[in-house]
Amino acid sequence: SILISFPVQLNWHRDQAGSWGGLDLTNNLANWTPWEEDVWEPDVRAENCDSSLNRTYAISSSLVSFYIPVAIMIVTYTRIYRIAQVQIRRISSLERAAEHAQSCRSSAACAPDTSLRASIKKETKVLKTLSVIMGVFVCCWLPFFIL
């Protein structure tokens, strides 16, 4: 925040020549590597850039960073969906039982179960939500790992 508030006052770090002494030394050391044959000669190999990818690396990288996580997500979201489905059915059956008992007390004829549709609606909503999450993830990342 100080750098943003007082950007003009940073000139005092410069020496007389106007260069950043410590920064120049750091940049020169970072660009020099001891295994280069001649530091000051232009690199001729830059024109012949090898863009081939090691097959083993490509497969293992794709597996570790995409396919295995997708498999884990599918298994996890399937389990979440099944647990949610069981919970929704339990709650719906309790709601139906309470509604049924209340309707039988208030009138002579008992009303039919109507919350079964609501239960199915809740299940499909959970399924749609999980499908959208998985679908967006796969659609965004699959082209990168196929190409």
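Along the chain as shown, the residues are counted starting at 1.
Each Cβ is built from the backbone N, Cα and C atoms, and glycine gets one as well.
Cβ neighbour count for N54 (N-linked glycosylation site): 9 (other Cβ atoms within 10 Å of its Cβ, all protein chains included). The N-linked glycosylation site annotation in Swiss-Prot covers N54, and the record cites sequence analysis as its basis.
Per Swiss-Prot, the feature topological domain 'Extracellular' maps to 13-55; the stated evidence is sequence analysis.
Positions annotated as topological domain 'Cytoplasmic' by Swiss-Prot, on the basis of sequence analysis: 79-128.
Residues or ranges marked as transmembrane segment in Swiss-Prot (evidence: sequence analysis): 1-12 (among others).
Here Swiss-Prot flags 56-78 (among others) as transmembrane segment, drawing on sequence analysis. Sequence-remote contacts of a segment are chain residues at least 6 beyond its ends whose Cβ falls under 8 Å from one of its Cβ atoms, and for the transmembrane segment (56-78) they are 130, 133-134, 137-138, 141-142, 144-145.
The transmembrane segment annotation in Swiss-Prot covers 129-147 (among others).
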Secondary structure content of the topological domain 'Cytoplasmic' (79-128), with strand meaning DSSP E or B: 42 helix, 0 strand, 8 coil
